[in-house]
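Here's the structure we're looking at; comments come further down.
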Amino acid sequence: MSDTTLAKSFEPQTIESQWGPEWEKRGYATPALDPSRPDFSIQLPPPNVTGTLHMGHAFNQTIMDGLVRYHRMLGHNTLWVPGTDHAGIATQIVVERQLDAQGVSRHDLGREKFVERVWEWKERSGSTITGQVRRIGASPDWSREYFTMNDKMSEAVREVFVRLYEQGLIYRGKRLVNWDPVLLTAVSDLEVVSEEENGHLWHIRYPLADGSGHLSVATTRPETMLGDVAVMVHPEDERYRHLVGRHVKLPLCEREIPIIADDYVDREFGTGVVKVTPAHDFNDYQVGLRHALAPIEILTLDAKINDNAPAAYRGLDRFDARKAIVDELDAQGLLESVKPHKLMVPRGDRTGVVIEPMLTDQWFVAMTKPAPQGTFHPGKSITEVSLEVVRRGEIKFVPENWTTTYYQWLENIQDWCISRQLWWGHQIPAWYGENGEIFVARNEEDARAQAAAKGYTGALKRDDDVLDTWFSSALVPFSSLGWPNETPEMKHFLPSSVLVTGFDIIFFWVARMVMMTTHFTGKVPFGTVYVHGLVRDAEGQKMSKSKGNTLDPIDIVDGIGLDALVAKRTTGLMNPKQAATIEKKTRKEFPDGIPAFGTDALRFTMASMATLGRNVNFDLARCEGYRNFCNKLWNATRFVLMNCEGHDCGFDKPEVCGAGDCGPGGYLDFSPADRWIVSLMQRVEADIAKGFADYRFDNIANAIYKFVWDEYCDWYLELAKVQIQNGTPEQQRATRRTLLRVLETVLRLAHPIIPFITEALWQKVAPLAGRYPAGKAEGEASLMVQAYPVAEPKKLDEACEQWAAELKAVVDACRNLRGEMNLSPATKVPLLAAGDAAQLQAFAPYVQALARLSEVRVLPDEAALDADAHGAPIAIVGGNKLVLKVEIDVAAERERLSKEIARLEGEIVKCNAKLGNEAFVAKAPPAVVAQEQKRLAEFQSTLTKLGAQLARLPA
């Protein structure tokens, strides 16, 4: 073999395009179901089927894939289940927009044809995101990939719905929901974005019914007064206590409504009197229930005023009605004042339209109703059980503080609205008779049988609504494993080991998976929830299209030109006026576009930033640093191969050194340097194992980086060169063996984080290191399924670690002396040394090579060294004195030092004057003052050194 077997430079795309498909083809991700091995499994949070990969996905999947590869290499039965979500609203909107561009609405097509179009779109674009997941190096078991609307998943959804209905835990009722008047559907809280906006606070006079005066009512939404059923004051508000129980006339409507008292009122807000509109406000709805006030709806589903309002406003859009109502109140002298007011406005995240609380007929899951007999937890509600399993420690959150958030959400829970007025999704399995009869069944045939059993023989019409996307997502922990059937996968992989997720969906997804899984299987869905932060830009800003700061992970992997990047960031903006600003910012930030960093560099960056619970401020400069790391690892491997291929690397004898085999005169003569790097590797292996156990990927990445770059490459390779050049055959053999074995171990250690480069290098290193599976030709085996390194405490060698620390200190001291004396790297000079003669003699060949010296001369004592030093700088390291012997022009050196000392003294005077100025210290930012103090300390330190050098110069 020659060194040409490894390409001269690291080309990530070549390796990724080879090994990604190869791993998948070989089926390494399909688990053995070996009862003697531990099980490890993870669910991939299913991304939207027609979506594209974003930085949050890349981060999340780096963590998951790292865990999966680690446990697979530990020999566990390892399953990572991939899948995609049908994403009801998101997908329907995309297809509706395509139709809009053709001048066609979904209603023109009809439901059946429209759903066909969505399926066509899913088939065309659905592989985009799974292709991108593959590009990030993710290694789930693709043979088990699911789509939340495929036949098996749909069967599970219907089964759950029917069983919950039969158990009395699903019901249909009229409740207040978030309503999007453009999409004409209920939406979940997660699809509502509330941001502070500038609005107004109107003070309106409501005349007392007996004509004795009026109450001034404060509101931010005057149009909803048409649906007022009461006005409300705080029961302890002395200003209004005497009016409770009386009535006011509702302006413009001329009906009388009561004055009620409720603790909900904030006495400090406005006038302390507020209107009660149960049909169009969530808080008012609860007030209405407490006081038995019937709600009055005044809006149509598309947010126009309906026939319950006075004729003058019927048919008006809600905001046009607001203006007309305010104008009429003003004309009647009932508008007391209008004041600017900041308020939180809820908008649909898909449409940007103001969301309207709306009373509609919907399907709900009962959150607090006790489950009946025959279930896993009779007498307890699904919420109660979900709280209990976390309190008992069956599920733990990492970091632990998210447990509190989970409790708070569940302790204040409302019944879950699960119906959506869409066409794309799981159609609700309910059929209606002509007189309002409801038959919930697994299919229409069962529904007809139910109807017949109850004596109904008329027509049946299926419910048009579909289920909330989160309903099917909540079943994934068991539906993806084959439920309702009992499968081997259910036995091995439920509960899964860990869920890796962002904090934003703890309630919407995490809590609901706990509810559904405990209710239908009696088990928790996962043992641990690892909650990570969100990926933000380098300044800590949220990444968003409107800010123009989004990054596509695939662009970081493959690179993208500036013009293409600008086009990507400026097309499809909600507000096209932002395009110019975004273009300017992008051209400034990426003048040459984004270079190709490769998947491994991106993954290493993500892992290095994965501190517990904190948001990740993604910085491309870090990515460049980890690409440089990959290059360093590649070049180190080339060096090792060049120095080991074709040589005796010490693998002709058994692994374990027998008596006399490993030492002077033995088959292998390991040096202290060899033993040091092996000892240090045990510590790194232990640190990495702890990092995986604690989900501290930042610690894992840092341990790998520091060991490879700082210890193996910067120190051990340089020491190994000396040993190969100067050593005996036994020493050379031991060094080559150590070079290979440590490198091969490093490749296995780093594989879960940087899978592609480690696989490519392992193919070359493992055969030489005696670690390639027997009987396999190069390329036939894979690093992906090799054993993960485990620390061996017996290989720790503190004496050799101390030896290395002392050697490094001597080398560093020599390098510092070179710097002090302004020696160019090409200039080789002798080192004079005195002190521990035996140690200095042992260090000599290493120090000579690493500090670029012509020789190392060990003198008998310090007196001899001082006599030979001729005033040159002396370094003291432990009990050793070191000096570089450089012939210098004493007069010229004295002049140079004197000039530099004078300059430094001048700088010190300036610094002292600045720091002695009270105004500067008081007004300057602390960082500026600290910087000045640091400069002063550096000047003083250098002055002391130069003074000592000057004093040592001969007269």
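Easy rule for this one: first residue shown is 1, then count along the chain.
Here the Cβ of each residue, glycine as well, is placed from N, Cα and C on the backbone.
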Looking at 277-281, 392-396, 487-491, 542-546, which one does Swiss-Prot call motif ''KMSKS' region'? 542-546
As Swiss-Prot has it, motif ''HIGH' region' corresponds, among 47-57, 190-200, 454-464, to residues 47-57
Cβ under 8 Å to the motif ''HIGH' region' (47-57), counting only same-chain residues 6 or more beyond its ends: which ones? 84-87, 90-91, 94, 121-122, 125-126, 128-129, 132-133, 135-136, 147, 502, 534-535, 543, 550-554, 618
Please list the DSSP helix, strand and coil residue counts for the motif ''HIGH' region' (47-57). 3 helix, 1 strand, 7 coil
For Lys545 (ATP binding site), what is the secondary structure state per DSSP, taken as helix, strand or coil? coil
